[in-house]
Amino acid sequence: MDAGNWSRVTEFVLISFSSLPTEIQTLLFLAFLAIYLITLLGNSLIILVTLADPMLQSPMYFFLRNLSFIEIGFNLVIVPKMLGTLIAQDTSISFLGCAIQMYFFFFFGVAECFLLATMAYDRYVAICSPLHYPVIMNQGTRAKLAAASWFPGFPVATVQTTWLFSFPFCATNKVNHFFCDSPPVLRLVCADTARFEVYAIVGTILVVMIPCLLILCSYTRIAASILKIPSAKGKHKAFSTCSSHLLVVSLFYVSLSLTYFRPKSNNSPESKKLLSLSYTVVTPMLNPIIYTLRNNEVKNALSRTFHKALTLRNLIL
């Protein structure tokens, strides 16, 4: 396309779910609003209770607190704008707003991939080297591991977002998604994007596969250690300490893989929107529920926290 046919894009329009009837959009708004509030409340409770309760000061809960911060950030980046498109039909988003949304989507997504790998390593040390666990996973080590999990999000998000938004865009500015994800925005570019697409594919594979391989290695060693435990009760106890994390990892990676690694012929915009909902909206809500329902320590800590709050309220009144 000639440069004269390019037009400067100052804002984008998110197609979102505008093809659906108004009644369906209203129902979706109510459903997503409920999920959004549950996500914020559940993850906020995890953060507060792991900070306040002295029984939840182990490395596992330190990393769980980091995961809750990521899930809250993920939701704040995606869901408020999506709710606006559903109830107020506010589908426009500025050029800068779209770039910022994409940047933090990449940042929190990459951070979650590496944090899940760090949590798997923590479970490996706890089960395979229980006597050395407090020494290996000391306060300094856990802080470094957390920082190492958050850091990769910065260069990945910076390079991919800056590079993509440096391209010229065509006259159309309609993004066929409910947020500014890379593939639908890339379709609006009026330039040769071959090098960028190669970088994006390789980068996505590395960001997903490296943590995934670390998780597989950790759980292979964990499974081998559990099988060596003679009693069934001991095996159940060891498995229960990592079952919540394993379930969270499965939900996240299955939905992520189905979204970004399916053949393009099987990847219609509508199906991608549905799959994207699973890891951007649903999974962040399920994580605190999974860790609460499947972890007696968290349930007991929540009970103690509520009891203290009620006692304090009664004393004030």
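Cβ from N, Cα, C; glycine included.
Copied over from TrEMBL:
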TRANSMEM  27-51  transmembrane segment
DOMAIN    42-291  domain 'G-protein coupled receptors family 1 profile'
TRANSMEM  63-83  transmembrane segment
TRANSMEM  103-124  transmembrane segment
TRANSMEM  145-165  transmembrane segment
TRANSMEM  198-217  transmembrane segment
TRANSMEM  238-262  transmembrane segment
TRANSMEM  274-293  transmembrane segment
Residues from the same chain, set at least six apart from the ends of the transmembrane segment (145-165), whose C-beta lies under 8 A from its own: 62-63, 66, 95, 98-99, 102-111, 114-115, 117-118, 121-122, 182, 185-186, 189, 196, 199-200, 203, 207
The transmembrane segment (238-262) vs the transmembrane segment (103-124): 3 or more CB pairs under 8 Å: yes
Contact between the transmembrane segment (63-83) and the transmembrane segment (198-217) (at least 3 Cβ pairs under 8 Å, separation 6+): no
For the domain 'G-protein coupled receptors family 1 profile' (42-291), the mean pLDDT of the predicted model: 89
